[in-house]
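**Student:** Summarising the annotation, Swiss-Prot assigns active site, nucleophile to Asp8 and lists sequence analysis as the type of evidence. As annotated by Swiss-Prot, Mg(2+) binding site applies to Asp8, Asp10, Asp174, Asp178. The substrate binding site annotation in Swiss-Prot covers Lys151 and is backed by sequence analysis.
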Amino acid sequence: MIKLVAIDVDGTLTDKDRLISTRAIEFIRKAEKKGIIVSLLSGNVIPVVYALKVFIGINGPVFGENGGVMFDNDGSITKFFSNEKTNSFLDEMSKKTSMRSIFTNKWREASTGFDIDGKDVDYVKAEAEKRGLVVFYSGYSWHLMNKGEDKGFAVKILKEKYGLNYEEILVVGDSNNDMPMFELPVFKACPANATDNVKKASDFVSSYSYGEEIGEVFSHFNLL
């Protein structure tokens, strides 16, 4: 029996223009009324996911920076990683390549976001790996992370916090940065717009896309 659902935001709750599906919000609220714990896991910053928690009415903790920072129900913020190394790497690479900072970095505490020209991507990825850092593109922005800082880490935190077994957890996501939580022995679902590797890892692939899948996913797993 599933007791907790961890949901990605961009592309999973939102459409191509990053507008949240109002239908998804309705189904989340219905599931919560049945006692399901819902958590959001995003690559975005804590102020953004905090606002989503408040205005949607999310009843579980929410994670920003792909699991690097958590806002809990008691109002506390836990930072699991530091952005000291990632910011230093950005400073170094910005002098050698087109790698450049983005607006949301003023709120990032555990990672670094950036823009970059395609010609420099392979070089920056290789240099980051030498320093024990990870570079990936979420489909919406570039992220520079510490090793181990991912959504799989966040799901493990939720599992421990609520004393759950993996088979009591459902994860829903659409892109490559969601794969770490899809590699755990949990239930997995995705929208029709998901990447091929996410679809292959999923127990259920919805026929709907961009947030409209939440109702079908929740119905499939008997959460409504």
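The backbone N, Cα and C atoms fix where each Cβ goes, glycine too.
These figures come from a predicted structure and were not determined experimentally.
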**Student:** Which residues of the same chain, at least 6 positions away in sequence, have a Cβ lying under 8 Å from the Cβ of Asp10 (Mg(2+) binding site)?
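**Tutor:** Spatial neighbours, sequence-distant, of Asp10 (Mg(2+) binding site): Arg18, Ser42, Gly43, Asn44, Ser138, Gly139, Tyr140, Ser175.
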**Student:** Go through Asp174, Asp178, our binding-site residues, and report the one whose Cβ sees the most other Cβ atoms within 10 Å.
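**Tutor:** Highest number of other Cβ atoms within 10 Å: Asp178.
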**Student:** In whole Å, note down how far the CA of Lys151 (substrate binding site) lies from the CA of Asp178 (Mg(2+) binding site).
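**Tutor:** Asp178 (Mg(2+) binding site) to Lys151 (substrate binding site), Cα-Cα distance: 6 Å.
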**Student:** What is the interatomic distance between the Cα atoms of Asp8 (active site, nucleophile) and Asp174 (Mg(2+) binding site), given in whole Å?
**Tutor:** 8
**Student:** Between the Cα atoms of Asp174 (Mg(2+) binding site) and the residue listed as 'substrate binding site', what distance do you get, rounded to the nearest Å?
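**Tutor:** That comes out at 12 Å between the alpha carbons.
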**Student:** What residues, ordered by sequence, lie under 8 A Cβ-to-Cβ from the residue listed as 'substrate binding site' and sit at least six positions away in the same chain?
**Tutor:** Ala6, Asp8, Leu41, Phe63, Asn66, Gly67, Val171, Gly173, Asn177, Asp178, Pro180, Met181
**Student:** So, in DSSP terms, is the residue listed as 'active site, nucleophile' helix, strand, or coil?
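**Tutor:** Strand, per DSSP.
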**Student:** Would you mind checking how many other C-beta atoms are within 10 angstroms of the C-beta on Asp8 (active site, nucleophile)?
**Tutor:** 27
